[in-house]
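Asks: Pasting in a structure now, in structure tokens, and then I'll have a few things to ask.
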Amino acid sequence: MRSISVLGATGSVGESAFDLLMGAGGPERFRTVALTGGANVARLAQMARALRAELAVTAWPERLADLRAALAGSGIEAAAGPQAVAEAAARPADWTLSAIVGAAGLPPGLEVLNRGGTLALANKETLVAAGPLVMARARETGARILPVDSEHSAIFQALHGENLDSVEHVTITASGGAFRDWPLERLARATVAEASRHPNWDMGQRITIDSASMFNKALEVIEAHEFFGLGVDRLRVLVHPQSIIHAMVTHRDGGSIAHLGAPDMRHAIGYALNWPARAALPVPALDLAALGSLTFAQPDEVRWPALRLAREAIGAGGAAGAVLNAAKEQALDDFIAGRIRFTDMAPAVEHALALAAREAGFAQSPRDLGEVLHWDDFARRAAAQWQGAA
């Protein structure tokens, strides 16, 4: 029986994974080693009971008593806190999904790699903040990383059997998010509620707002650079409102291989779960005739300056990815809390990058988790101080 763990089980990606696991046989087919989640301990306990997990962990220490109460009589072990999440990731499992949102996903992701496990990676921040460290650790231990972001899963599939040297460039598509068609002058007045409505994908609030600002795509460009080893000159972004083509690989002979699929995370999760095989998934096949047409446009970097910042971070190298990621998280926190405007997020991130570039050691890629966390803390403080946000 295959053993699995899901980190971030109660988020949108975790819910999709749970749906797939239960549909594929649940505890009759999988031995669930550990599930981790956040504040929603009632849902975490419900999932743990359904999958007969050995361990359930909430990242919130103050919710441990509630989790234990929800698991009473089940025989499932309960734990709490970030260290407990990392320890859960360190437990041997054949396949571990990392779906924790933000930089909090890095320590448990490294624990999976340290034990040489298979890491199905939906947490893009792991590679953005610590790409060289993460990829080196995987090589050292023989661990395998399978991309679960829909775009990177699409690239991974389109590259199957291909020589990377023959690739001219890779195109990642973007829906354009909630404000794709808004007049530029209106963006400064955008509310959190408006930014939280995605036209195509059903996702959590933070990633939906990141989609509206295009910071989600900026992180994905950096992630593709780190995972596939592609230079910034071989990475492109196209606005594709229908979210049907997730990525395209264009070869030097002029031909392109695209991956098409419904905007449903269950496809990428299911592909990673069953790789290298393919299995039937509860995702409807595309009806291209019903779709009628697919449209594309070049992204406007005045509207979406995050894309420029991603290219600059790749060019700078060193700690730039860690700084961009943490500054973005802080700016997003400040926007959600009403401390800054939607259009202030990119300037706050750019401010943090400019300050970090003056610091000793910025040009050096983080060599361990401690160095990643140093730059994470620096960037959050710098972004929070931008124009008085604190």
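Any Cβ shown, glycine's included, is placed from N, Cα and C.
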Asks: Report the candidate from S166, S175 that shares the 1-deoxy-D-xylulose 5-phosphate site with K124, S150, E151, H198, S211, N216, K217, E220, as recorded in Swiss-Prot.
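Replies: For the 1-deoxy-D-xylulose 5-phosphate site that includes K124, S150, E151, H198, S211, N216, K217, E220, Swiss-Prot also lists S175.
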Asks: Among G204, G229, G231, which residue does Swiss-Prot annotate as binding NADPH together with T10, G11, S12, V13, G38, N40, N123, E125?
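Replies: When Swiss-Prot describes the NADPH site, the candidate it includes is G204.
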Asks: How far is it from G204 (NADPH binding site) to H198 (1-deoxy-D-xylulose 5-phosphate binding site), counting Cα to Cα, in Å?
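Replies: Per the Cα atoms, G204 (NADPH binding site) and H198 (1-deoxy-D-xylulose 5-phosphate binding site) stand 10 Å apart.
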Asks: Based on the record's binding annotation for NADPH (T10, G11, S12, V13, G38, N40, N123, E125, G204), what whole-number value in Å is the widest Cα to Cα distance?
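Replies: Across T10, G11, S12, V13, G38, N40, N123, E125, G204, the two farthest Cα atoms sit 22 Å apart.
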Asks: Only counting partners 6 or more residues apart, tell me which same-chain residues put their Cβ under 8 Å from the Cβ of E220 (1-deoxy-D-xylulose 5-phosphate binding site).
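Replies: Residues satisfying the criterion: K124, D149, E151, H152, I172.
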Asks: Based on Cβ atoms within 10 Å, give me the single least packed residue among the binding-site residues K124, H198.
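Replies: Counting other Cβ atoms within 10 Å of each of the binding-site residues K124, H198 gives the minimum at H198.
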